[in-house]
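A.B. asks: Quick paste from TrEMBL:
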| type | residues | note |
| --- | --- | --- |
| COMPBIAS | 43-56 | compositional bias 'Basic residues' |
| COMPBIAS | 1417-1446 | compositional bias 'Basic and acidic residues' |
| COMPBIAS | 1447-1457 | compositional bias 'Low complexity' |
| COMPBIAS | 1578-1589 | compositional bias 'Basic and acidic residues' |
| DOMAIN | 83-171 | domain 'S1 motif' |
| DOMAIN | 187-258 | domain 'S1 motif' |
| DOMAIN | 281-346 | domain 'S1 motif' |
| DOMAIN | 365-436 | domain 'S1 motif' |
| DOMAIN | 453-522 | domain 'S1 motif' |
| DOMAIN | 542-611 | domain 'S1 motif' |
| DOMAIN | 634-705 | domain 'S1 motif' |
| DOMAIN | 727-796 | domain 'S1 motif' |
| DOMAIN | 1034-1107 | domain 'S1 motif' |
| DOMAIN | 1148-1222 | domain 'S1 motif' |
| DOMAIN | 1230-1298 | domain 'S1 motif' |
| DOMAIN | 1324-1396 | domain 'S1 motif' |
| REGION | 1-56 | region 'Disordered' |
| REGION | 1402-1536 | region 'Disordered' |
| REGION | 1550-1589 | region 'Disordered' |
| REPEAT | 1764-1797 | repeat 'TPR' |
Amino acid sequence: MAAMEESFPRGGTRKTHKSEKAFQQSVEQDNLFDISTEEESTKRKKTQKGPAKAKKLKVETRESSKFVREKFEILNVESLCEGMRILGCVKEVNELELVISLPNGLQGYVQVTEICDAYTEKLNEQVAQEEPLKDLVSLPELFSPGMLVRCVVSSLDTTKGGKKNVTLSLNPKNVNKVLSAETLKPGMLLTGTVSSLEDHGYIVDIGVSGARAFLPLQKAQEYIRQKNKGAKLKVGQYLNCLIEEVKGSGGVVTLSIGHAEISAAIATEEQSWTLNSLLPGLVVKAQVQKVTPLGLTLKFLSFFSGLVDFMHLDPKKAGTYFSNQQVRACVLCVHPRTRAVRLSLRPVFLQPGRPLTRLLCQQLGAVLDDVPVQGFFGNAGATFKLKDGALAYARRNHLSNSKKTFKPEAFKPGNTHKCRIIDYSQMDELALLSLRTSIIEAQFLWYHDIKPGALVKGKVLTIKPHGMVVKMGKQIRGLVPTMHLADILLKNPEKKYHVADEVKCRVLLCDPKAKKLMMTLKKTLVESKLPAITCYDDAKPGLQTHGFILRVKDYGCIVKFYNDVQGLVPRHELSAEYVPDPESIFYTGQVVKVVVLNCEPSKERMLLSFRLSSDPKQECEGQSQKKKKAVSAGQLVDVKVLEKTKDGLKVAVLPHNIPGFLPTAHLSDHVTNGPLLHHWLQTGDTLHRVLCLSTSEERVLLCRKPALVSAVEGGQNPKSFSEIHPGMLLIGFVKNIKDYGVFVQFPSGLSGLAPKAVLSDKFVTSTSDHFVEGQTVVAKVTNVDEEKQRMLLSLRLSDCTLGDLATTSVLLLSQCLEEWQGVRSLMSNRDSVLIQTLAEMTPGMALDLEVQEVLEDGSVLFSEGPVPGLVLRASKYHRAGQEVEPGQKKKAVILNVDMLKLEVHVSLCHDLVNRKAKKLKKGSDLQAVVQHLEESFAVASLVETGHLAAFSLTSHLNDTFRFDSEKLQVGQGVSLTLQTTEPGVTGLLLAVEGPAAKRTMRQTRKDSETVDEDEEVDPVLVVGTVKKHTLSIGDMVTGTVKSIKPTHVVVTLEDGIIGCIHASHILDDVPVGTSPTAKLKVGKKVTARVIGGRDMKTFKFLPISHPRFIRTIPELSVRPSELKEDGHTALNTHSVSPLEKIKQYQAGQTVTCFLKKYNMVKKWLEVEIAPDIRGRIPLLLTSLSFKVLKHPDKKFQIGQALKATVVGPADSSKAFLCLSLIGPHKLKKGEVAMGRVVKVTPREGLTVSFPFGRIGRVSMFHVSDSYSETHLEDFAPQQIVRCYVLSAASPVLTLSLRSSRTNPETKSKITDPEINSIQDLEEGQLLRGFVKSVQPSGVFVGLGPSVTGLAQYPHVSQHNQSKKAPYDRHLPEGKLLTAKVLRLNHRESLVELSLLPDDTGKQDVLSASLGQPPPKQEGRETEAAERDHEGKAKEKKQQKQKEKRNGQGQEGVQPPSKAKKEPQKPQAKKLDKRPHPESSSEQEIGSKKQKKAALSEEDDSGVEVYYREGEEEEETSVLPKEKLTRPAEVPRLQLSSGFVWDVGLDTLTPALPPHRESSDSEEDEKPEQATQKKKSKKERELEKQKAEKELSRIEEALMDPGRQPESAEDFDRLVLSSPSSSLLWLQYMAFHLQATEIEKARAVAERALKTISFREEQEKLNVWVALLNLENMYGSQESLTKVFERAVQYNEPLKVFLHLADIYTKSEKFQEAGELYNRMLKRFRQEKAVWVKYGAFLLQRGKAEASHRVMQRALECLPKKEHVDLIAKFAQLEFQLGDAERARAMFERTLSIYPKRTDVWSVYIDMTIKHGSQKEARDIFERVIHLSLAPKRMKFFFKRYLDYEKQHGSEKDVQAVKAKALEYVEAKSSMMDD
């Protein structure tokens, strides 16, 4: 405030203290004084009316001078204050800030976030996405130097050095904060920024609250055209706007930004400006009030007065101002507290919107001698006059080196001084000077002074990973990149360099605009005496200099010098010796000495060399001269192979052994033959007639392409461009492939370009699809430019035809096969028996082979026989549909020998094996079927004879590209013209393919019918379709049966036409179980009627009017009814599609169908009802017999007629009917049906699926008529079960597996009757149930699906334990107990039980474990008196899940801690793959019943997947309530012997035979003891009986499917019977692990992986997970990694990754788990589950911040549609594992954006109910029921609210909810009425 008063005194005068003076002198940025001489001022003053006199200027009195000086004190940093509005000019624009020049030489900064709110939002959006936004432009595009801007001082910060930084804001909300909507008037000039682009204009942010400003498009057009170069305005663009129209009290404002209106805008009194609202930059009309030597006082807008300091007078009018003069002025700044206004009279400010022109001083940094002083101003500084007449200013602190040495008398006008220009003030148009010696003598003042290549000294500031920062001067910093810290790369630069060390560097690059300075500390570069290259003009040929390698490539090294100048050292200039691999010799950053060979400054290209010989030219000439003597380009030579490289052959040119190189691509004209020849040629082999392409000083480049050799021999090899004329056809090879075309080189070395447009007659998408480097081509010259030595070529087939295509095709084929024969001769010279055998094998040879293996893809592998390593293979197609088994003998024909992979491709096709001896004619046209495809030719078999013929796939050297539709496929029919009639040495006939129109398809997948099946079409039909016919629908034809298939018969008609009879068109009445096609015999004559024509390309029946009908396969009928006149029907499908035909069948209709095949994978029977109608019968709908379902192939024969029922409408997407063999499949109450187990939930029950997606649940109480603790473990996923539908009321069926229900006729014994409600119970009844939980009030026992009883502790055991612990331990959840019903309370649905031996007749539940004597009887009686009404059990309905208990605080819930402490049950066989949270909600415990299942008739098993599932959908939609249990304590596998996966190796014990435990074990023991005591005379007889009993017991045990295996043999027997059951294999592994036999366990796992069927993916995965577990515990990290990598190859990678992450987490290997999750995030970044799992993992470990970051990353990686679900998932995790408040915030934010996402609302409600207070839950319900949603959804929320209040609220609360629901319904109905 003191500084303010100093600048603007409030009256009177006072002395300035010395300290204050000193303070003012130390100000960094003061004003520049720009006034005329004092004499001029004094003269002008005399003419004025005021009291001022000339005397006052020369001999000032103290008072007046002090007043004037204080009043007109120029602005300094101390004068500024926060909130001050000030006009500034953009001085510099950086990426993240603007540098603003302020009046009187001040300077400020604007951060990128202070432009406007809309721009800041865009920046935040970009940061969140980590990708550039299209509509976000950078600051340099929005602002340009010279722009005038209105600013607000936002803060004044003092730096460590005592300097003050001025931070400014351009945000209109801050600048125009002083305005309100009501104060806006038309004509006002405001500044604003573009907020958004709309259809008809722009929304502009003017920062006035309550006002919305709009800039119409037409008003902006002129500005866009003139100032914005025609581009649309961008968000954040700064505008000067004129208010044109104000509507609604300033609510809506229309703007204009036209240049003319803006520049003429003047602030007037009508606009109601006040001192509070006055803005900088406004132009006003003013009147001079007072003239002083230091400035003027003005009056403006009638009432206001302001100051103009002499720096802002008009330079042309300075000294001529007088009182009452009318002037125009611009407001510079307004002080917010003193309301002092400063103005400027400079003309440049009087036209708003016009930028400042002069932005820089040309001599910035220049040192000037003898500069005269213009005027001296004590507090501020002095003005000087420069040579060009311009004024300059030096601040007071820059007038001397220090305050002590400052002498005011040295600055009298006229005195001269030496000074340096250090800056320029745009707002004052003055240069700033300094007289300090340190600044004048400084080597570099600013970045402009530093030149690349210069040596500089500096001090180390910091050492960072990317390099070292060096301080060069006060304002200059430079970077030495890590690569440049030394000649070699330093690993620890901090050891060599320390902060504040002085270093000597050389400047690599200096960019003053970007303030970028790069330097090097490489000793060789710093100390180099050689000239430095700083521009391309410096690089003269022959100049030697130092540089450093920037990049190393195959073609050479790129060397960099100074100022970004760089050049190339080609590969041949790297060394005098040939350098095969530059990357192995040179490295990036290496300092090298180079010589300039050539430089083109205009193109910025430079050619360099590392070969620094004294006279390189002579040496090169000498070497090349020697070589030229020996060999020249175009010469044919013989060469000897010296060495093979990956690119070709190093050879010696004979006879002088000159080194040469023959690239692989130049070994043959055929692209594929090059690598083949390269592979089989050996060192020492000689090649003849090799063409020399070019010679260089290093080597000779050679070519062996026959086409090029013949072209050179034939003289078709022009040596120069003068010999070449347009239209010439030349043979060359592809030199280079670019996106724009292909460069072709010819033998003479000349080359030309074939542009992309003329590469092919076909459309060229990518040039590399059509040609490869080195390929032989024929080119037509289209244009020649001799001057530029260029030519253009065409490679189109239409331009480059060499002759008859058929001749060329045969020529190419025979040449290719000759080269293959040459390879065979090379192979026959090898010592290997295998290679010699392969060389002797040719196509067409017949072999007797033995089948070794049938692979998963259907192909067959044959045994190698006498030749080890011989691979013989027949593909699935060439297996020809034959059933083959290992060891079977088969005849096969060789199709082709792969001489690179050393494989022989054979075929088992009958037609090929049994070739017909028929004489063939040359030139005859024959039908053939493609059998094998190579790159350049195909092998086909002639249909007539079975001979193999080869035909070329190309008819020209340039003909290499095929669209997918043009490519041939194996099995396709072709028409061939024979060129040879004898196979010759190649074993193949030569042929030419006929027109492509004659090709026929083997199969098509266009029909929806063939989507799921891989159908193979009868090859007879394929070939036969080529023939035309003249038949029409209804014609009678005769023919001979050619072949009989299961569902159709092939008939040969007259003229060789092939016809087809479907099984449904043979008999009128087909007996069920018969096969109609068996009625016809091969060779039998038949008379038939044509009923349709099938197109072989689309498999559709065509109408007779269709043009392709003449090429269809006639569909025939031999039904007696069809053969009668006018009795036939036509198969017309042109009007009715197959889908529509299928829709004509109604559910329940009976049809006759014919079995086509049984699909093992999909588990259904595929049938045909008619030729064009198909059906499917799911396996479960074929029979109610387990025997039939296990082996359907035994019951149903292919081709058999079946009676089936249509069970539902056809699937709209697939053209087939859904059928059933067991009647309508409706799943009504009381129906028995076959289902498949989907999931086994321990202690709850089974989930079963039925065909067509229906799901049902089986409670553990309905699994069997006799309860068992282990009966659920006899079930596994995919197991078939017979179910009885108890209820079909809800979408999820309620089922029972009790045999009393599913097979009532058997009348089996019911040990445990069904208890469905409390009405089924009687007091005193004895029954069995399962322990649900142990609570403080007693033991809860489940008696039925919805009935639970309570046994209080006095009724549990005679050993009356007061603590829960022993009960927890000895009564685990799921234990089977016998109980007696003591009391029933029907009104409250409570059941009270007793488990005491006296009541049940069974052993005490605790006596065996505790070993305590029974207590006295009196204790029991007193306790019986105490137990009264407390804690009884009750029946719980699914709708009413609410417990009322007197005197009991806790509900019947099992806390999570109990689940952890629970002992492992011996019988449980489980593999737990991850920790599964157990729910502890009241609702779920009430409704979820612990279920068990009896052993099914089908002994199938698998792995149980553990997760809970509530019985209501609402419960399944939310995550479990409690936190995950500690992972390390969750057992992965439990066995009868008590082994668990988590135990350490040292704790394992040898295997012991497990005890048989059952509910009858006590009864079993008693008779044994009795027999031992009662041994008498009949001892032998008793012993004999006992032995027989024991023997029968053992036999029964072996037959018992539930028997526990006790030895390796037992396990071997089990896995033999169920080889695909992973659970058995895992038990087997655990059996070995228990005996500490780790290797045996590994071996079992490997056996399992080989044995389990490849279709059983889940089973295999279970074994992989177990193997991972095993390696994690007992193996090394290396062995675990190997298993993991294998598992990823054979399974879905994501599943394996997730399992391993869980394994690591459970075993507390958190670091490994974290690393694995990071790998997963890179590989599966699009998988939401991975992000959620990782987030949960981090939260479990307490790393909340890391989890938040993961969510942010997930939002960036996942598509937007996943974002809501992801946020909801993370919010749930936060509720359970993290911060509930954060979770709420996440839900609230999501719902504010997506208020209609009911799923998110539902989850939020669940989370709040579980983790929040009742008030919070009610608040959310209140919000939800007031949403505007669909009535169905609103009903759902009202119901939930009502249920909540019923459970937690009072009757009043329930009524309130009902009232609100009624209110909603009435409101809705009234709206409907309206």
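Just so it is clear, glycine is given a Cβ too, placed from its N, Cα and C backbone atoms.
Since we're looking at a predicted model, the values are computed, not measured.
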A.B. asks: Across the compositional bias 'Basic and acidic residues' (1578-1589), what are the DSSP residue counts per state (helix, strand, coil)?
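C.D. replies: DSSP classes over the compositional bias 'Basic and acidic residues' (1578-1589) add up to 11 helix, 0 strand, 1 coil.
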A.B. asks: Short question: most Cβ pairs under 8 Å with the domain 'S1 motif' (1324-1396), which of 83-171, 281-346, 1230-1298?
C.D. replies: 1230-1298
A.B. asks: Output the single range from 365-436, 1034-1107, 1148-1222 maximising the number of Cβ pairs under 8 Å to the domain 'S1 motif' (281-346).
C.D. replies: 365-436
A.B. asks: What is the three-state DSSP composition of the domain 'S1 motif' (1324-1396), stated as helix, strand and coil residue counts?
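C.D. replies: DSSP composition of the domain 'S1 motif' (1324-1396): 9 helix, 37 strand, 27 coil.
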A.B. asks: Per DSSP, what is the residue count of the domain 'S1 motif' (453-522) in each of helix, strand and coil?
C.D. replies: 7 helix, 35 strand, 28 coil
A.B. asks: On average, what pLDDT score does this prediction assign to the domain 'S1 motif' (365-436)?
C.D. replies: 84
A.B. asks: Residue counts in helix (H, G, I), strand (E, B) and coil for the domain 'S1 motif' (727-796), per DSSP?
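C.D. replies: DSSP composition of the domain 'S1 motif' (727-796): 7 helix, 35 strand, 28 coil.
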A.B. asks: Counting by DSSP, what is the helix, strand and coil composition of the domain 'S1 motif' (1230-1298)?
C.D. replies: 10 helix, 34 strand, 25 coil
A.B. asks: Of the residues in the domain 'S1 motif' (542-611), how many are helix, strand and coil by DSSP?
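C.D. replies: Going by DSSP assignments, the domain 'S1 motif' (542-611) contains 6 helix, 35 strand, 29 coil.
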